[in-house]
Amino acid sequence: MADSAGIQQGSPAIGAAGLVPAAPGAAGTEGSGAAGRSARIAVKKAQLRSSPRPKKLEKLGVYSSCKAEGACKCNGWKSQNPPPTPPRTDQQSNTLCELCNSAHRDHVTHLENVSEEEMNRLLGIVLDVEYLYTCVHKEEDADTKQVYFSLFKLLRKSILLMGKPMLEAQDSPPFEKPSIEQGVNNFVQYKFSHLPSKERQTIMELAKMFLNQINYWQLETPSQRRQRVPNDDAAGYKANYTRWLCYCNVPQFCDSLPRYETTQIFGRTLLRSVFTVMRKQLLEQARQEKDKLPPEKRTLILTHFPKFLSMLEEEVYSHSSPIWSQDFLAGASGGQIPIHTECHPPPDNSEYFLLLLHILTVGEKRKPSEPLTQEENKRPRVVGDIPMDLINEVMATIADPAAIPETSLLSAHSARDEAARLEERRGVIEFHVIGNSLNQKPNKRILMWLVGLQNVFSHQLPRMPKEYITRLVFDPKHKTLSLIKDGRVIGGICFRMFPSQGFTEIVFCAVTSNEQVKGYGTHLMNHLKEYHIKHEILNFLTYADEYAIGYFKKQGFSKDIKVPKAKYVGYIKDYEGATLMGCELNPSIPYTEFSVIIKKQKEIIKKLIERKQAQIRKVYPGLSCFKEGVRQIPIESIPGIRETGWKPMGKGKELKDPDQLYSSLKTILQHVKSHQNAWPFMEPVKKTEAPGYYQVIRFPMDLKTMSERLKSRYYTTRKLFMADMQRIFTNCREYNPPESEYYKCANLLEKFFYTKIKEAGLIEK
């Protein structure tokens, strides 16, 4: 999103000192959204690998060298440096290459006899190349950009040579012995081997917690470190930082590259560079979260953990500590510390700290990574749940281009931003966040874009004085998300961020008149939402005139302002005759792909309905008994009636009167909420109290949500009400171990609930 200068020309000196050029990793850029990005890349790879073979050849042809006669040197792209826009992949195999004028099939002749497995491997590298290409253009830090570019070239070369990506470095992991993991293990044996078994196990848990934190710690950039510690060994830190980025961080998202754990390939040198900051943040987090810890664990975290870190700090910075010697002999009773390794990108540091605290409270709730036991697998599913194997089967059908034709952009079923999203993918349009600066040298291109934005806003917002528009567009405190097409500005959103107040004010929003009704406005707003999620600002405020209210409503804005009035009064600009509107962002939603996700969900539901209808769409012969003089028959004797799901009234009476049903359900819910075992289920589970809960539980439910649903008349049948209540109990038993207090509360409350349901006559006694 952010505008950046052009990529440095030439090849970075890979292997110059046994290293890839140094670069900061994800500090500040790959935070809490890492898991979402990794999941999206995995989905794209799965979809591409399920495509027909001709489609795969098209994709690989763009990145393969030309095999035509005449010593053609075309490698898919004209040079080793990325072009301004990614190559198009929608050319047919019989068209000519835009760069060498050879037939497109001449780029893939060497792949005709390649196995499907090898082709899928190469396609995985292709998507990693495209991800790194995006990283290069979005990254603002020069060192980071250089490393991304080096890895980009490495993967491109692997596609051309059909080889496996191997980092060209003189040193290979591990870079220092003993490793951090071994050093901490030695420390535990050195200082605590004399303790009784139970106390030593507690220390082992603290050590495991500390090592996990290092494995998912986001290192600060070399430039940031130079500002914080100007007298430190900058070259040594930069070398380790680069290794960490190439071997630990980037492979989390680009699985074509080999991945290693930080604690297994680095030693005391890296640990010394991060220990002080890490220790301070860990202890600060512990103090902040102390009230959320169980009483029996509070002493462990607030008393023993600080002592553990203090003792370890002495050994880390001591020049004579024996634990860093390769000849250190661990005690006979010791063993390697088990490292809990995640296979997905980590959350940000604060969230992961809570997950680490959860390791020490494993008796209270089951860890998300633990597999279900055989007994747990036998539990009945909640009525209405759809088996995952059926979902996966339908997803494979949805993702198959041969089975599902492309939706026409003119279709009523296409999303508003579908055309804009396709244009961005093909490089027709670009999005950049730009602004004026008083501290940096003026950039001619950015200044031209700002002038273009001033013209667009002036033409499209005639009620606004031009001087006022110019002042805000060029104000260094304001930024503008600009929409660029063919090198010129055709639209944008001018905004001002107030991080301390937790919101951003949208000042101007416009698209030039001859480019409207193409979905650009929706796609602009979606890009702005993702930009703010990245910067951890989750609220928009704006004053909309009568002509803009409709647009903002479609983008999720409403007159119900979530930001407290005290937060924005005196900050936001007030406009006479306009309506204040707000929008609250959800950080788990990928807004630029949101309409695609909704479309796929609709397609999945449609397919599931079609499959269900195919099962019950059976025609039975008409009833002939009435012609023979029979005046009345039981309903259940009608052929096919039971297959529709009908049950006799005795099996579960359905109240026809909505008011009567509402009254009965309200009484039952009040009894349940008043029960002594209802306290764990009164409100939604908080992430801070149960880290990883929402990765385990797909469909959460609680009594507060049920009360809101009942009030809005959502429960039109008793089955809906019973299904939600049953889901509360099932979710609890799925997440918590049988010996926990929560598990016992669920069982007792469930028994009480069904007693009340029977008393109300909604199910048979």
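Cβ coordinates are placed from backbone N, Cα and C, and glycine is handled just like the others.
TrEMBL lists 1-11 with the feature compositional bias 'Polar residues'.
Marked as domain 'N-acetyltransferase' by TrEMBL: 438-586.
Taken from TrEMBL, the feature active site, proton donor/acceptor covers Glu505.
In the predicted model, residues of the domain 'Bromo' (673-743) average a pLDDT of 89. Summarising the annotation, TrEMBL assigns domain 'Bromo' to 673-743.
Within the same chain, residues at least 6 positions away in sequence whose Cβ sits under 8 Å from that of Glu505 (active site, proton donor/acceptor) are Phe495, Arg496, Phe498, Phe540, Leu541, Thr542, Tyr568, Tyr571, Ile572, Lys573.
Residue counts for the domain 'Bromo' (673-743) under DSSP, helix first, then strand, then coil, are 39 helix, 0 strand, 32 coil. Secondary structure of the domain 'N-acetyltransferase' (438-586), assigned with DSSP and counted as helix (H, G, I), strand (E, B) and coil, comes to 53 helix, 40 strand, 56 coil.
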